[in-house]
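*Asks:* Here it is, the structure in full.
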Amino acid sequence: MAGGRNNTIIIRFILLGFSDYPKLKIVLFAVFLGSYFLTVAWNLGLIILIRMDSYLHTPMYFFLSNLSFLDFCYVTSTTPKMLSDFFQKPKSISFWGCTIQYFFFSSLGLTECCLLAAMAYDRYAAICNPLLYTATMSPTLCVQMMVGAYITGLFGSLIQLCALLQLNFCGPNIINHFFSVIFGVISVFVIMISYGYIVATILKISSVEGRSKAFNTCTSHLTAVICFFGSGLFVYMHPSTDNSLGHDKMASVFYTMVIPMLNPLIYSLRNKEIKDAIKRCKKRAFSHHHG
């Protein structure tokens, strides 16, 4: 720390992390490390599968592969540092290290908000205007929407960062939660409008089978949206007290580690196209091995 004019300028932050549970340190480390490896493997595996299988070269899977890439980067921006802190005393991070981590974490979080909104529009186009779907969701539009999501994430985070750097951090320098802010109001608005039209369209379908089929194409995305925004709202929208900080940390772990791990499963477990793609991949590998 550097002193000056009766103020103490913060140059490092002390991270309490999960110091409330010292007896569970090894167990928590093993769980988080395993979760991280599973997240990386499942998300990269899904990206490779989509790239390799031509049947999955559609707008929905284009967005899904980008979601997996974001989740991989998202979890990598925080988890390695968290894992290394388990065995460090004192656990700390420099001011600029925290700033850089915040910038990447915030950029990726905001980009994912925008991407989930783009995926909601994709589902709207598929269900509400199926005959025009191919023309509406052209490759050019998909790329433009994806680039727009990344640019929004970067600039949104940069604006937050510039505002953050105007503040004077003069204590306390103990952080008892994960330092992050996610702005997704516009994304939620787009998602709600899209699903409003989707629900209205589904209700007009006369057959039960038709309604069920249309709704099933949205369940994976809707589940991902509820998990992502629900956990974020829990952390940032409810008033924090000393007693609630432990729950806040667990909720933060949920959306920073668990959701990126679950997203590939949410989109794969009940997805016939993904299962068929895996079978084709296995068949090609088997043929190549015996060829």
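Placed from the backbone N, Cα and C atoms, the Cβ positions cover glycine too.
Straight out of TrEMBL:
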DOMAIN    42-267  domain 'G-protein coupled receptors family 1 profile'
TRANSMEM  26-49  transmembrane segment
TRANSMEM  61-80  transmembrane segment
TRANSMEM  100-121  transmembrane segment
TRANSMEM  141-166  transmembrane segment
TRANSMEM  178-203  transmembrane segment
TRANSMEM  215-238  transmembrane segment
TRANSMEM  250-269  transmembrane segment
*Asks:* Looking only at the recorded stretches 26-49, 61-80, 141-166, 250-269, which one has the largest tally of CB-CB distances under 8 Å to the transmembrane segment (100-121)?
*Replies:* 141-166
*Asks:* Look at every Cβ pair spanning the transmembrane segment (215-238) and the transmembrane segment (141-166), keep those 6 or more apart in sequence, and say whether at least 3 of them are under 8 Å.
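*Replies:* No, the transmembrane segment (215-238) and the transmembrane segment (141-166) are not in contact.
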*Asks:* Which residues of the same chain, at least 6 past either end of the transmembrane segment (61-80), have a Cβ under 8 Å from a Cβ in it?
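*Replies:* Distant contacts of the transmembrane segment (61-80): 32, 36, 39-40, 43-44, 46-47, 50-51, 101, 104-105, 108-109, 111-112, 115-116, 118-119, 122, 139, 142, 146, 149, 178, 224, 256-257, 259-261, 263-264, 267, 273.
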*Asks:* State the non-local partners of the transmembrane segment (250-269) in its own chain: residues 6+ outside its ends, Cβ under 8 Å from one of its Cβ atoms.
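*Replies:* Distant Cβ neighbours of the transmembrane segment (250-269) are 32, 35-36, 38-39, 42-43, 45-46, 64, 67-68, 71-72, 74-75, 78-79, 105, 177-178, 180, 220, 223-224, 227-228, 231-232, 234-235, 275.
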*Asks:* Tell me, roughly as an integer, the mean pLDDT over the domain 'G-protein coupled receptors family 1 profile' (42-267).
*Replies:* 83
